[in-house]
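**Student:** Per TrEMBL, the feature domain 'DUF2231' maps to 12-131. Feature annotation from TrEMBL assigns domain 'Cytochrome C Planctomycete-type' to 185-244. Annotation source TrEMBL lists transmembrane segment at 12-33, 45-67, 79-97, 109-128.
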Ligand code: HEC
């Protein structure tokens, strides 16, 4: 027999199952069709039950072939398979009973036909779940009903959202690409439901690809199946996600594109990938200003600001209506502790202070401690070690502390453990990030983002193409 015969027979299973379904229902209808002479239809019922039995076994055999050929996990088909065989056996028993007793009114026959009906219903239902997914029937019901019965098993994901002040520290894959895939692809490409044998829930599954192979082409990223499918016209049958489903917004597709173009790295941050802020700005959390204090302060005199700007500080208002300020040394890299002292008249106004890349040292921290409304402090790529970080406890509104590529150590960071408001510290590429005692960091009262550790790369880590 040619080899393709088995897979072919297997694939006819979903069609063939309708034969026993039809015959069994027909037999049951004949058995309970109201009429005067109960036994008039006996020969017909007997024949229908014989056909039902034969077709049930035929369906079982094709089902088992399908299971063997298509590599279903036994766990997923077990109940359907057991009930299928039970249906065939019940059918056979009922046929033999009718044949033996030559009547349709025997109690045993009533019990048998009830069992047969139940077996048939449940087998069919489980089979349907296998081909259409478990939520096929329930997902069209109103949400309220689905929730009441606990049927809504599809996971809900938060839409992609980035922090406008810390977007560069977000990991491209983990914080951007995966959330986009979760939102748009998860329902059909997850561990339970992997359409096209493709799972899009982790780095490993993404690299593994689908039934037609890899979906990320590192050599020709723009042709990656992952992207190509999303770029196809909506009407194209291969378009992803399928037309009737929620579609990603253009900016999401652009981000997937940018990720592939910049090397599809699973470790890089958005900053390291070098993408422009325009690609992500539409995902900045909208209520961002709400993290800043609402305070009554006299508006500053223009000449105060003018003087400071003249000195080299970049200063802007947080918003048109707020007197609060964002101060940065972005254009003033030579700024040192001494220069910072000239900020004295506006200390209470400073809400965001960015001293990244400047010459400040730990001695500037006492001054920073006086900024009562400081909410975000950036000390990236400075010589700050954190020696006097306990002074930052005075900043009772401080929420974010950026220390990437600074010299801060774990011991010094611990000084902030009882900080009243601090929520997040970014400390990529610091001595701290290299410390082994990561467990200890987890016990701190705020979250510490360390990016990815640079573990020595193993030959097995390298994906070959
Ligand atoms: C409503 C279900 C559904 C959603 C949502 C969905 N897909 Fe699919 N996907 C399928 C089906 C069904 C197939 C297999 C048939 C085919 O190849 O077109 C498939 C196949 C694929 C394949 C080809 C895999 C292979 O190797 O053959 C890729 C790539 C893919 N999807 C990407 C995506 C991406 C990316 C998203 C989200 C942006 C997504 N899909 C969302 C149903 C879906």
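Cβ coordinates come from backbone N, Cα and C, glycine included.
Caution: TrEMBL annotation is automatic and unverified by curators.
Keep in mind the model is a prediction, meaning the values are calculated, not measured.
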**Student:** Per DSSP, what is the helix/strand/coil residue tally across the domain 'Cytochrome C Planctomycete-type' (185-244)?
**Tutor:** 20 helix, 4 strand, 36 coil
**Student:** What is the pLDDT of the domain 'Cytochrome C Planctomycete-type' (185-244) when averaged and given as a whole number?
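**Tutor:** Taking every residue of the domain 'Cytochrome C Planctomycete-type' (185-244) together, the mean pLDDT is 91.
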**Student:** Please spell out the DSSP helix, strand and coil residue counts for the domain 'DUF2231' (12-131).
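**Tutor:** Secondary-structure breakdown of the domain 'DUF2231' (12-131): 101 helix, 0 strand, 19 coil.
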